[in-house]
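These notes are about the structure you will find just below.
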Amino acid sequence: MAEFKYCRNCGKQLNPGETVCMGCGVPVGKGHDYCWNCGGKTDPEAVVCVTCGAGLVPKSGNARQPQGQAYPAGAQPKSKIAAGILGIFLGWLGIHNFYLGFTSKAVCQLVLGLLGFVTFGITTWISGIWGLIEGIMILVGSIPNDADGNPLIN
């Protein structure tokens, strides 16, 4: 289950496990002026944050379970572990980015990786280090979503 990162009432960043915002005293999840995921200002009638794409909890919804965590029809949740391992071991080919749907970035890594045959491996090393760093970032949660904004599962 996703945790609220920001207060929906005042936009203050929340500490993990807080049930009441220490900035405004409102229970976590109540309010409708700020995005729970990025803290951006939202329209009270919006169902999706225009800044980060996260689904917004309706005013009458469950305060502890943000919407937008359900996957659209036909979409499959992506594994954080699979994406991280792909990034670490095959990142020089951009395989992890293809898996997550970041096609443009993946093609760039693939081209850099394959250009290594012409540049005596220099661009392959660059692409490999890039993929390694992204793989680690995925595993530690710095890259929490796929290209469609759906959260990665463990």
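Note: Cβ is positioned from N, Cα and C throughout, glycine not excepted.
Per TrEMBL, the features are:
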- 7-53: domain 'DZANK-type' (DOMAIN)
- 76-126: domain 'TM2' (DOMAIN)
- 81-99: transmembrane segment (TRANSMEM)
- 111-133: transmembrane segment (TRANSMEM)
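Tertiary proximity for the transmembrane segment (111-133) is limited to same-chain residues at least six positions away from its ends with a CB under 8 Å from its CB atoms, namely 87-88, 90-94, 96. Per DSSP, the domain 'DZANK-type' (7-53) is made up of 0 helix, 6 strand, 41 coil.
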